[in-house]
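Undergrad: I have a structure here, written as structure tokens, and I will follow up with some questions on it.
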């Protein structure tokens, strides 16, 4: 062959150059079909010599077909084409295998048919010849069956092994599948590189690096093909699979190219079809998890693989030419030009700059346009839609170094988010260096999006669900400072909403057990489910803000001290100071609204002083009102003590709770130094002093120091002897004369006129009578009685009228058998707190649907002095029957509010009931006659009492002739509906709730004010504990755990430990009309009243409930009052003021007639309420009361025992 080449070269001058080359310089272009044709272009020889030269070349070509090509023989240099050999290897492999499979199936089918017929013949012979002969003939058959079974078992094992190897169910399978895909892409890349070379070229396997790599890849593909073949159940369908066809047309040509020392691009572009499996590979690697992402990758992979494969075919036929044209009509196109051609063809643009010239190429384009256009028209819009629908808020949060972040989820709406941000980012807080990350599964609307943009420096929003661990990872929940869950307060199904939030808590705690969670709950009984979560720990900061518990607790406290709900709601809400120059009630109200609740560690200057002394010094000197401290026991468990009394001495590191206008003012309590600040009169000048700087570092250690008392017992009750002030007071000499520390002295505490002015003799132990009688629950926090059937407490209208209730609480409830329960237990519990004596308990009368109240009764049947009048609050006859004009408070609630879509109509029942009561008229003489006939006088007209000055409870007029003067508190769902409660006010409909007159007067309460508790609890979890302690009457985590067990209070016997729990302060109202503080009521200073009440009676005053028109010079008939929170020292008092105060538990008050009251459970013991306070009546006077009155009371109690 070499000789032939050289001879050919000597035939002509032009051909010498071609013949002198023994091996072509690595490539022979497809266009060089004849070396003579190329040589003659550079020579002037005749046509005859050209033809002779042509013949001289042709003869060795024929010899080449006869002489075998070996590895030692180089690729010929005469332009010989061997594409048919490569193609034949693939076709023979494909059709040969297909023929063998079909032949095997045919033979197997024939064998099965023959065996089936033979089996029938043998079965017939077996029946004819008998069983003995059959046994002998079947033995060899059995042996054959065993051999076949063994063979089948071996084949099955190999097949199962191969199936495990190629499946993605095991780690080995996943690695193998991913490796095959990666090598396929590698082979495709090698094709892209080789596509720049001619279609067919001579290549030496030992010198061509890409050919060696491609050979290694295809050996691996061959082995993998074998595994797939073994594991396939249906070999025929496996042979026709796309991946199998790809292997047939790519693997055999590689081995042929090694043998022939030449390369043919051929059908190697089919490796692009492997891209279709790209989605599966990403799913194996857990990269694709959502349906949209899987669908998007599927569409893209199919589109791109089809595009690249079609471009490869065009590249092959256009660069080769048509075989029947002797490959003369070819054109030189690069692979990427073919890719471009296919794209402009699919998109129907067709610029015409590149087009197919060969017949094969054009024929292919005809069919490709049909399929490609359809694919382009369907796939591309869907791909764009999927990309366009990609979540705008689907990224991940990037934590900022040195900055904390919280995650807020749950009910994310414009209203809930705006209320939350307004309070959380309030300017009165110290630097809020916290980023807020909202997570919700619905993208925000335009208004909410605008709100996020306005706070973009501190707020981020991500779309997702806390139930999805992937989304929790996106918002970095593991590094978040806390997670806050908002509830939908207006949902129709509160239990379902609570269940959703509980599931959110479970999901978050399951992902990261240590995360602090603050969640809103709608129903009190659902709080028990949170205790079932193992990682829920209230000691570590987890909190559940139960809206029903707090809402009804606020309303219950308003039954004891009207207006308290407004004051407390304003205290934990961040509101800026609004200055009003005019002398109106709004001026004083708004000055109090700007106060909030704060905590701060007390200065070491207060160490050793009693609580009243420190409280007085803070109020007078620092202009701060301290109402409570945090007590840490020896075992490091902390409790909050509200106005604990003068037996307590402040220790190092005590945390105080203050009412102040901003956080900077509270710093004075920490910076105060007696040596440096004793002579300073301006509290703003109290800054960190020089001697204080050495101790500032200890501030961070304060929470770690145990709280100590001078005398501590192992009992849960704090028992310490009274102490005198060990440090001279900083007050004036006049104030120094006031002596504290006489809390337990009967002669120094203001004696309360009990609810019933008819006092009977008693002894010192009467309150702790008969330890075998269960009077309190097992914790000693609430009054308790044995469960009563609801029929025993139901009153008819006539029975209620004959009872002549007075000083009671009327609860008007709208609800039916299908209404959601609102949890009336939370309203009753604060009114049954054990720090009231039994005869001080106000009787509670429910007026509403008996079907609804039956559903609530299970949680109420353990409370004494509860009655039910079936009826409707809109019936005036029912209201008159319960003597609503003689009640201490009328509460209007509705369980139907969230069932109405129109927000304006949600409160229609409550508003109608309120207006109905206010329009009622009463003849007071009838009530007086009824009261006298029953042997008692209504409150405010007690003739046997030495005076009528009020000390606690509501101050009511001696007679109420119109419903406008009846104390009412109405619950609202929609804040804007407050404008309908008072027809005579001038509130604008757009006025915020806290600025409206009904809210300022304490006659309206909306659950929306509790939204501020979320941020308040995050910044200081003690605030929630303090609020809960104030409004629930003493509910503790231990009590909640007991209720979670039985859903009811459990009675307990009185022990010293449980009785000690009664010794806690309560909220009351102090009147200035008469009594020990009457001298300060007319023009006195509030600061003097504060100091006197604190030093003399351990009463802590914190606000005023003043008549709305008290500032007017002319007298007014208006009985409306408004709340003034924490007035300054020099604030002037008026005689009609009622003072909010925290009053100590009075042990001596139980001597009145507790024994008789408890034994009878009479309603009338709470009906006879005194609204006055006065100096202590002597014991002799009480003992000298006529015996006839005592016997008359006993007879009356027996008659009304069923109440």
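Glycine too: its Cβ is placed from the backbone N, Cα and C atoms.
Sharing the record's features from TrEMBL:
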type     : residues  : note
COMPBIAS : 38-56     : compositional bias 'Low complexity'
COMPBIAS : 1153-1178 : compositional bias 'Low complexity'
COMPBIAS : 1187-1203 : compositional bias 'Basic and acidic residues'
DOMAIN   : 403-545   : domain 'RCK N-terminal'
DOMAIN   : 806-950   : domain 'RCK N-terminal'
REGION   : 1-24      : region 'Disordered'
REGION   : 37-59     : region 'Disordered'
REGION   : 705-756   : region 'Disordered'
REGION   : 1153-1203 : region 'Disordered'
TRANSMEM : 82-104    : transmembrane segment
TRANSMEM : 175-193   : transmembrane segment
TRANSMEM : 213-231   : transmembrane segment
TRANSMEM : 296-317   : transmembrane segment
TRANSMEM : 332-351   : transmembrane segment
TRANSMEM : 363-381   : transmembrane segment
Undergrad: Six or more residues beyond either end and a Cβ under 8 Å away: which residues meet both conditions relative to the transmembrane segment (296-317)?
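TA: Same-chain residues near the transmembrane segment (296-317) but 6 or more away: 188, 191, 195, 199, 265-270, 272-279, 282, 288, 333-335, 338-339, 341-343, 346, 356, 358, 360-361, 364-365, 368, 372, 375-376, 379-380, 382-383, 386-387.
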Undergrad: With an 8 Å cut-off on Cβ pairs and a sequence gap of 6 or more, do the transmembrane segment (175-193) and the transmembrane segment (213-231) reach 3 or more such pairs?
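TA: Yes; at least 3 Cβ pairs under 8 Å.
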Undergrad: Cβ under 8 Å to the transmembrane segment (213-231), counting only same-chain residues 6 or more beyond its ends: which ones?
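TA: Here the qualifying positions are 158-159, 162-163, 165-166, 176, 179-180, 183-184, 186-187, 190, 205, 238, 243-244, 247, 250-251, 254-255, 258.
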Undergrad: With DSSP helix as H/G/I and strand as E/B, how many residues of the domain 'RCK N-terminal' (403-545) fall in helix, strand and coil?
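TA: Final tally across the stretch: 57 helix, 32 strand, 54 coil.
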Undergrad: Give me the mean pLDDT over the domain 'RCK N-terminal' (806-950), rounded to a whole number.
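TA: Taking every residue of the domain 'RCK N-terminal' (806-950) together, the mean pLDDT is 81.
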Undergrad: Residue list, the transmembrane segment (332-351) vs rest of chain: Cβ under 8 Å, 6 or more residues beyond ends.
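TA: Non-local partners: 192, 195-196, 307-308, 310-312, 314-315, 318-319, 365, 368-369, 372-373, 375-376.
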